[in-house]
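The ATP binding site annotation in Swiss-Prot covers GLY158, ASP159, GLY160, ARG212, GLN213, MET214, LYS215, GLU216, GLY303, GLY304, THR305, THR306, MET307, TYR308.
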Amino acid sequence: MDSQGRKVIVVDNGTGFVKCGYAGTNFPAHIFPSMVGRPIVRSTQRVGNIEIKDLMVGEECSQLRQMLDINYPMDNGIVRNWDDMGHVWDHTFGPEKLDIDPKECKLLLTEPPLNPNSNREKMFQVMFEQYGFNSIYVAAVLTLYAQGLLTGVVVDSGDGVTHICPVYEGFALHHLTRRLDIAGRDITKYLIKLLLQRGYNFNHSADFETVRQMKEKLCYIAYDVEQEERLALETTVLSQQYTLPDGRVIRLGGERFEAPEILFQPHLINVEKAGLSELLFGCIQASDIDTRLDFYKHIVLSGGTTMYPGLPSRLEKELKQLYLDRVLHGNTDAFQKFKIRIEAPPSRKHMVFLGGAVLANLMKDRDQDFWVSKKEYEEGGIARCMAKLGIKA
């Protein structure tokens, strides 16, 4: 609550999951899949204790996915289907989840850096005109607030987008921010493709969720890709079973590390971009020479796609190799002094929400210079809102 007794709500609209709750809390009050489903055939009224409705959102949609045609309203951190996104927000603010009266609430929304302005403008319009929130703030780089750091590099990879954002003394350096539109959802798609090559067919919209769960359970990042490839070819060490919802059992071998490898080698899915290690190295090396060592010592991982076992050690190995080759030109004596620290907090899946909860709590009473009020929106329109956020409309 702020000093006027208004609730301060934080919503992290992820491409894969919505995390929502209150300012100053240590964990989201609700986490549910950002998906909307409609029944393929209206035959039954109930399945177990879930009533089948014309429109299903969130967990119920995920549980009954075999009977539904499923849509994901967001892609790469950008809302592609505003009607379906509206259903997700109705679910978020309605009696099923937060159960709030928006007119009495302040709302902090999150978004990935380098998102198009049009997406942000439409978000403001919907929140003020459709829901009537009292005041709103939209923030991009929130992870460091959760870690209590003022300087560092955030490597955030969720379901829709991966980005690397350096923050110095509390200011995000937008000119150095790097964005890669490869994240969890692309890994799931690639895993579906790899399984298809083995003869397992997952082409129904509901199978996507099944493969996502399989990916979370079994995939990992290879420390040494060549060694893992040899193991996959010559032994059964990597082979693991997975039971599908219909009871069938499938085996995964090399696919377990091949799917997430696209983070480091985007060319595997025909994307001509640098991989994660290259992007991070390029981002830090492009920063001011005085800040680089600070950045190397404070690399913070955030988002669900950074949860793969082996990711921090692989990132560290490749960063060190790049630094040795390109900066020190193979001088191993100087390399001894080079220090890297990659922080992988256990709660990093919800890091953006936690940072938002910290920021919203700090700023809850700063109406003049922080929150954009409904009155300001009505008087000055979207240009006024953007100006207050420090964004050129």
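Glycine is no exception: its Cβ is also placed from the backbone N, Cα and C atoms.
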Max CA-CA distance, Å, over listed ATP-binding residues GLY158, ASP159, GLY160, ARG212, GLN213, MET214, LYS215, GLU216, GLY303, GLY304, THR305, THR306, MET307, TYR308:
18
I need the least crowded one of these binding-site residues (GLY160, GLY303), counting other C-beta atoms within 10 angstroms of each C-beta.
GLY160
DSSP secondary structure for GLY158 (ATP binding site), reduced to helix/strand/coil, please.
coil
Cβ neighbour count (within 10 Å, all chains shown) around LYS215 (ATP binding site)
23
Across all protein chains shown, the one of the binding-site residues GLN213, THR305 with the most other Cβ atoms within 10 Å of its Cβ is THR305
Intrachain C-beta neighbours of GLY158 (ATP binding site), sequence separation six or more, cut-off 8 angstroms:
GLY14, THR15, GLY16, GLY77, PRO112, ALA183, GLY184, GLY303, GLY304, THR305, VAL352
All chains considered, the count of other Cβ atoms within 10 Å of the Cβ of MET307 (ATP binding site) is 16
